[in-house]
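Undergrad: Would you mind keeping the following structure in view while I ask a few things?
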């Protein structure tokens, strides 16, 4: 009797689990008429979110900013989901034609079940992915080249002067260093050698900017030259007035100085 009872209970559990499974399968089939339009709406929202984020990234890249890897990863996954969802929606009409009895039965039940399950799963994946696509910032400032190496003629008897000026440059108490002399004595060559020395000699300078200032100099062009080294290169910045560019440059240089002082202090 014990054996028969055990078999009977096991059979009942099996039947109940089987019914639950069948009900779950039928649920995918019955609800596909609702979930498919919902998937189309979710796909449209995902596309819009993808497009908005792409525009932000494009704008950031125009300003020489570097997009965060997590943003690029989100966009890559969104593209994959969009492609998969578009295929499901394209297959929708054929799958809907298989439905009968108010949409809860199908002439090809296995195909309808698999399709309904994929639609439901894709709908959930898109919902989860959309919630992860809200970014406070999409990019960060790219580290500007610390120094742009310039071509230089072979200097004649300038090494001792170069070393003397370099010692002033690395002296933390030094401020402005002036080089003067008659035309043709090698001032530009000396400056070029010093500029290039920043790329080969260890130093605490984050960025070195070469800006030519002539007697009839244009302040705006000088600002563009400095701004280019600091990451300001888009047309919107270049179209700003001299007075508008000045605080932008000052702000970046001030932040760099604050970071430099903080790093040295720590």
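Going from the start of the chain as shown, residues are counted 1 onward.
For all residues, glycine too, the Cβ spot is worked out from N, Cα and C.
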Undergrad: I'm validating the feature mapping. Which of 36-63, 64-91 is tagged coiled coil in TrEMBL?
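TA: Range annotated as coiled coil by TrEMBL: 36-63.
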Undergrad: Checking distant contacts: for the coiled coil (36-63), what same-chain residues at least six beyond its ends satisfy Cβ-Cβ under 8 A?
TA: 71-72, 74-75, 78-79, 81-82, 85-86, 88-89, 92, 96, 119, 122-123, 126-127, 129-130, 133, 135, 138-139, 231-234, 237
Undergrad: Could you tell me how many residues in the domain 'NB-ARC' (159-257) are helical, how many are strand and how many are coil under DSSP?
TA: 57 helix, 0 strand, 42 coil
Undergrad: Find the average pLDDT over the coiled coil (36-63) in the predicted model and report it.
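TA: Value for the coiled coil (36-63), mean pLDDT as a whole number: 89.
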